[in-house]
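Okay, structure first, notes after.
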Amino acid sequence: MAEPVELPSRLAILPFRNKVLLPGAIIRIRCTSPSSVKLVEQELWQREEKGLIGVLPVKDVETASSGDQSSKISSAIPESHKQDNKNQHDPIHWHNRGVAARALHLSRGVEKPSGRVTYIVVLEGLCRFSVQELSARGTYYIARISRLDMNKSELEQAEQDPDFIALSHQFKATSMELISVLEQKQKTVGRTKVLLETVPVHRLADIFVASFEISFEEQLTMLDAVDLKERLSKATELVDRHLQSIRVAEKITQKVEGQLSKSQKEFLLRQQMRAIKEELGDNDDDEDDVTALERKMQGAGMPPNIWKHAQRELRRLRKMQPQQPGYSSSRVYLELLADLPWEKASEEHELDLRAAKERLDNDHYGLVKVKQRIVEYLAVRKLKPDARGPVLCFVGPPGVGKTSLASSIAGALGRRFVRISLGGVKDEADIRGHRRTYIGSMPGRLIEGLKRVSVNNPVMLLDEIDKTGSDVRGDPASALLEVLDPEQNKTFNDHYLNVPFDLSRVVFVATANRIQPIPPPLRDRMEVIELPGYTPEEKLKIAMKHLIPRVLDQHGLSSEFLQIPEAMVKLVINRYTREAGVRNLERNLAALARAAAVRVAEQECAVPLSKDMHSVAEPLLDTRLAEGADVEMEVIPMAGVNNHEISTAFRSASTLIVDEAMLEKVLGPPRFDDQETAERVATPGVSVGLVWTSFGGEVQFVEATEMVGKGDLHLTGQLGDVIKESAQIALTWVRARATDLKLVSPGEINLLDGRDIHIHFPAGAIPKDGPSAGVTLVTSLVSLLAQKKVRPDTAMTGEMTLRGLVLPVGGIKDKVLAAHRYGIKRVILPERNFKDLAEVPSNVLKSMEILLAKRVEDVLEQAFEGGCPWRQRSTL
């Protein structure tokens, strides 16, 4: 490359826009603007020798507005030209450094049809210069410049610098590495090797960098790098970066080519498979299935935002191959989106409250307040169909009709019914669904239920909501807070769906056996309606109206084959079932139906014949059939016997009427006896208490006895901490009142001196806890120490304090009904529970004597025959 000639002090300037010509580089430009055309014509075209020209980079307004040097150069422009630029709204901002260039080739052309002259100039960069002064000459510019590159002696001295030598080696090594990478793609790399070996390093830096695609700012930094070490360092950095980008591009290209070759192979195999299937007539094209899925999704009525999400998933599915691992899960997900009822709803008919009342009365006997609340709920729905009504929660023991009430609500509203069982659910994913990233992920039970009923406004029963638990997998009860909140469930987000679904149109109904296990925030979302249980009279009505017809139908019988009189049903209720519901009663009736079904199936009914008819002897028939003779059959009218007599005889021979003997034969000996209470309280130390369980109210006996000992208290019967504390409180109160109750002589100090007390709660396999046994424990201890029997027809409940006050307890209705089922006639209740008696059926209250107690002394006064024991002196 030729050594740069001595530059004149003034050069014609050819501006570039966002271009930088470096020394040693060659550039081809097309001149079309009037200023550049005029410059080329006057400085190059009209001269025989190839003159020199300066190339100065032009900055845009945005890039040059912050540069101090550019503004200095701009200020050197004549005012007349500045005015022209202002008129053209295109101000020019030049850099203060440029490159002197030599024209290697020049060609002239004329554009048609405008006739505009253009020039194409090939320039070679010679050396750097700095602008001292800039002035205009017509349409182009003349600048006074000074050369920046070193002369020959200065270069020789700089090349002896150790830092420069080290940088030169590093630059050449990086450049050779780049050339070796490019040799595989370009055949002209050999020329570059020659340049690397012959051209000086400071010129190579400009030549190499000029061949890269770098930013305008980086080109300016190379132009400004007058210092050789700075120039080599910057060039080495740019060459290394270019090398790394080539390597990364090669890796990506290799990876893409490998995937393309694999895809092409799979495509070819699929085409061959499709052709084979077409020849065999088994053309099951997966693309057709995807198209059908898309049509199904279009008809699902998704909201716009969810439809966009589904379209993205569908496009992703189309790009996947059926053999890929995620294909199946993506397809199942899209099918779920297509199956969900986004807009489909049940067509609700005009709500008839009278018909709803009749349906509730036909389906359920009793439960007057519950049915009245349901009718009120339906009335509000009729007046305002889009009303956000409360979530009804039916709480009661098993077998009282909680689930069937929810089904009746669905029937009255004309909506579909879906039941979601929550018993034993401990995983939050059962409510909210699993993340799709997990293997075997699936939506929650709510979304599955809506998919099953195919409408978005069903009556959804959340069954056994009190049986949910929590562990490391989350808390399902907390997840239900969003579901049951009408302000939040409009945008319920199932983790599997990952898109909001509107649950506000679903009518939620919950059931539970107990209210205590339900967390308070969840309980606050619901309106609790208690179903305490049925009285024996209600059970009898339910059995005659509902249970017996259903049991007969389930066993293929009718009233012509089995009849169960009311008296026998009463015996079943009193002797074999004492539950709050009617489930065990139905089981016992089913046992009677099974016994009748066996007898009917085995019975051979003989039809009576008239006097003129004689039966054909069986040996004669057998002989004639054995000989192969024809047996002719003839229908002979039976004189004297009509069809009514035959049916009557058949019915009388096959009808089974249940009696007491059949009850004991089928159901076994009676499990309960009316004399049980009297027998168990026949000795002192036994009292009858009333407790509440998840199965309703129950009668609980408390037994106390004494023995020689050290004054200790022993408790048995699988008791909880609260009931143990109640026993300790009861014993403390009795010891403190021993003298007043005349349980000890005036001179005695310690009531338990030389003896232990043992209190036992029978049915030890059943856990027991709660404070309501306080008055029962006191009565049992006083009965033991006073050796006086408690009245067998009296039961009691209530919490006591250490001072002897009787506090109110819960479950009064259940407890009173339990006492009624056991045949107890007198019930002692806390005085502050008097208001709860309004919930007890009036017929039960009429058959019982309710006694109210404010203090423990009032309980003792009513519990013993003849009053409290302090009226008599104890023998102890």
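Don't overthink the numbers, they just go from 1 along the chain as shown.
In case you wondered, yes, glycine gets a Cβ from its N, Cα and C as well.
Predicted automatically and left uncurated, TrEMBL annotations should be read as such.
Remember, predicted model here, so these are calculated numbers, not experimental data.
What TrEMBL annotates here:
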| type | residues | note |
| --- | --- | --- |
| DOMAIN | 11-243 | domain 'Lon N-terminal' |
| REGION | 63-92 | region 'Disordered' |
| COMPBIAS | 79-92 | compositional bias 'Basic and acidic residues' |
| BINDING | Gly396, Pro397, Pro398, Gly399, Val400, Gly401, Lys402, Thr403 | ATP binding site |
| DOMAIN | 681-866 | domain 'Lon proteolytic' |
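Shown here: features listed in TrEMBL, placed on the structure.
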residue: Gly396; record: ATP binding site; Cβ contacts under 8 Å, 6 or more apart: Lys402, Asn513, Glu530, Leu531, Pro532, Gly533, Ala580, Gly581, Gly696
residue: Pro398; record: ATP binding site; Cβ contacts under 8 Å, 6 or more apart: Asn513, Glu579, Ala580, Gly581, Arg583, Phe695
residue: Gly399; record: ATP binding site; Cβ contacts under 8 Å, 6 or more apart: Glu579, Ala580, Gly581, Val582, Arg583, Asn584, Glu586
residue: Val400; record: ATP binding site; Cβ contacts under 8 Å, 6 or more apart: Leu531, Pro532, Gly533, Tyr534, Ala580, Gly581, Val582, Gly696
residue: Gly401; record: ATP binding site; Cβ contacts under 8 Å, 6 or more apart: His364, Leu367, Leu531, Gly581
residue: Thr403; record: ATP binding site; Cβ contacts under 8 Å, 6 or more apart: Arg419, Leu461, Asp463, Thr511
Any further residue of that chain within 8 Å (Cβ to the Cβ centroid of Gly396, Pro397, Pro398, Gly399, Val400, Gly401, Lys402, Thr403) of the recorded ATP site: Phe394, Thr511, Leu531, Ala580, Gly581, Arg583
Surrounding CB atoms that lie within 10 Å of the CB of Lys402 (ATP binding site), all protein chains: 25
Average model confidence [pLDDT] within the domain 'Lon proteolytic' (681-866): 86
